[in-house]
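Annotated features, as they stand in Swiss-Prot:
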- 388-406: compositional bias 'Polar residues' (COMPBIAS)
- Cys124-Cys205: disulfide bond (DISULFID)
- Asn27: N-linked glycosylation site (CARBOHYD)
- Asn198: N-linked glycosylation site (CARBOHYD)
- Cys370: S-palmitoyl cysteine (LIPID)
- Cys371: S-palmitoyl cysteine (LIPID)
- Ser409: phosphoserine (MOD_RES)
- 1-23: region 'Disordered' (REGION)
- 382-423: region 'Disordered' (REGION)
- 1-52: topological domain 'Extracellular' (TOPO_DOM)
- 77-88: topological domain 'Cytoplasmic' (TOPO_DOM)
- 111-125: topological domain 'Extracellular' (TOPO_DOM)
- 148-168: topological domain 'Cytoplasmic' (TOPO_DOM)
- 191-220: topological domain 'Extracellular' (TOPO_DOM)
- 242-298: topological domain 'Cytoplasmic' (TOPO_DOM)
- 319-336: topological domain 'Extracellular' (TOPO_DOM)
- 357-423: topological domain 'Cytoplasmic' (TOPO_DOM)
- 53-76: transmembrane segment (TRANSMEM)
- 89-110: transmembrane segment (TRANSMEM)
- 126-147: transmembrane segment (TRANSMEM)
- 169-190: transmembrane segment (TRANSMEM)
- 221-241: transmembrane segment (TRANSMEM)
- 299-318: transmembrane segment (TRANSMEM)
- 337-356: transmembrane segment (TRANSMEM)
Amino acid sequence: MSFPRGSHDLPAGNSSPWWPLTTEGANSSREAAGLGEGGSPPGDVRNEELAKLEVTVLAVIFVVAVLGNSSVLLALHRTPRKTSRMHLFIRHLSLADLAVAFFQVLPQLCWDITYRFRGPDWLCRVVKHLQVFAMFASSYMLVVMTADRYIAVCHPLKTLQQPARRSRLMIAASWGLSFVLSIPQYFIFSVIEFEVNNGTKAQDCWATFIPPWGTRAYVTWMTSGVFVVPVIILGTCYGFICYHIWRNVRGKTASRQSKGGKGSGEAAGPFHKGLLVTPCVSSVKSISRAKIRTVKMTFVIVSAYILCWTPFFIVQMWSVWDTNFVWTDSENPSTTITALLASLNSCCNPWIYMFFSGHLLQDCVQSFPCCQSIAQKFAKDDSDSMSRRQTSYSNNRSPTNSTGTWKDSPKSSKSIRFIPVST
């Protein structure tokens, strides 16, 4: 898991790249005994027990990520409900997570199984490009999803100005930027042939950097582009969102307190031509429960992303900026698994979607004939929930003997809702 210190230095450690940012990546199952004197090319040995652990963890992550995100895509495709902008972002974030599974985790899994890269030079470059492309896509799709929630909460009027077109442009920009920013991988990585300690020839997919600053510049740039900058943007957006929600809640609380001394009839709303008029705060000043729910969901996704990827990038930066850092000192199961679990983020997201959007799980279950009993239970629960909402609506209607006068003021910042009542 080391980096080359010169233009053609070979890594003094491991070679199977589950670290897509590093030279040879991170098959940390390479034993320290495989190192030659003075950091010479490694011998052709590795810790097989640790290698088996890596393969097992990667295989589990791959299967869970593919099944989870495929289920979300199937549910979104089969849902009878009208799709929203949030569904569009969830669909593309699931596609980005599938890209992580197939372009990053799967090559790493195959590489750990074969130990050495077994393929031509062009395949080495393509694999390295797709590995980083998946990382960029997953991060940037999360950024545009959070930006959409920021616009919906803090600038609701803009959601009325071709929101679908803007959302698609944001998603297309995320995919395009991810592809472009990962193109340098083609020029950095290549298949390099070297001689191991026992005198035999071997080849692997490694990077070539300009000494002495090339490695640091590369890893710092990748860490900033994939992790640091997106996290700053995400934090800024959520700072504004939280402030806007806090201000909205405070305004509603003050409004209720100011109306506390008024009669129930006046608080409920006056009559006008047989209609019960109930003022409701305009969408400019109010935040719906649906928006709050999607904000909560996005916040949990962002938190999972930060928790999963932070150890990975900390070790990356530590390895290139600490001159005393030695990979063989940290090649143990705990360090290896911590870094491997970075891709666990792609496994978590589907379950977060289904937790916050219950109908996705219901629609997914209904897609499988073997799960009809579970689907019927979901349908019953959904019907009971609808009945409770209708009962609550009926109980909250104002009495027909409410009194008051109706006045339509064009200067009012409140919209008017008319509810027909019997007289």
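Using the three backbone atoms N, Cα and C, a Cβ is placed for every residue, glycine included.
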Report summary line: Taking all protein chains shown into account, the Cβ-based neighbour count within 10 Å for Cys124 (disulfide bond) is 22
Report task. Take the C-alpha atoms of Cys124 (disulfide bond) and Asn198 (N-linked glycosylation site) and report the distance between them in angstrom, rounded. Result -> 25
Requested in this report: For the topological domain 'Cytoplasmic' (148-168), jot down how many residues DSSP puts in helix, in strand and in coil.
Outcome: 18 helix, 0 strand, 3 coil
Query - Long-range environment of the transmembrane segment (126-147) - Cβ separation under 8 angstroms, sequence gap at least 6 - result: 17, 20-21, 89-90, 92-93, 96-97, 99-100, 102-104, 107-108, 119, 170-171, 173-175, 177-179, 181-183, 185-186, 188-189, 205, 222, 225-227, 230, 233-234, 237-238, 298, 301-302, 305, 345-346
Report task. Grab the same-chain neighbours of the transmembrane segment (337-356) for me: Cβ-Cβ under 8 Å, and only residues 6 or more beyond its ends, written as numbers and ranges. Result -> 18-19, 26, 28, 53-54, 57-58, 61, 64-65, 68-69, 71-72, 75, 90, 93-94, 97-98, 100-101, 104-105, 138, 293-294, 296-297, 300-301, 304-305, 308-309, 311-312, 315, 364
Query - Mean predicted confidence [pLDDT] for the topological domain 'Extracellular' (111-125) - result: 88
Query raised in the report: Of all the recorded positions given, Asn198, Cys205, which residue's CB has the most CB neighbours within 10 A?
Result: Cys205
Report task. Look up Cys205 (disulfide bond) in the DSSP assignment and reduce it to helix, strand or coil. Result -> strand
Report task. Could you state the whole-number distance in Å separating the C-alpha atoms of Asn198 (N-linked glycosylation site) and Cys205 (disulfide bond)? Result -> 20
Report summary line: Taking DSSP H, G, I as helix and E, B as strand, the topological domain 'Extracellular' (111-125) contains 9 helix, 0 strand, 6 coil
Requested in this report: For the topological domain 'Cytoplasmic' (148-168), could you work out the same-chain residues 6 or more beyond its ends whose Cβ comes under 8 Å from its Cβ atoms?
Outcome: 85-86, 88-89, 237, 240-241, 244-245, 283-284, 287, 291, 294-295, 298
Query raised in the report: According to DSSP, does Asn198 (N-linked glycosylation site) fall in a helix, a strand, or coil?
Result: coil
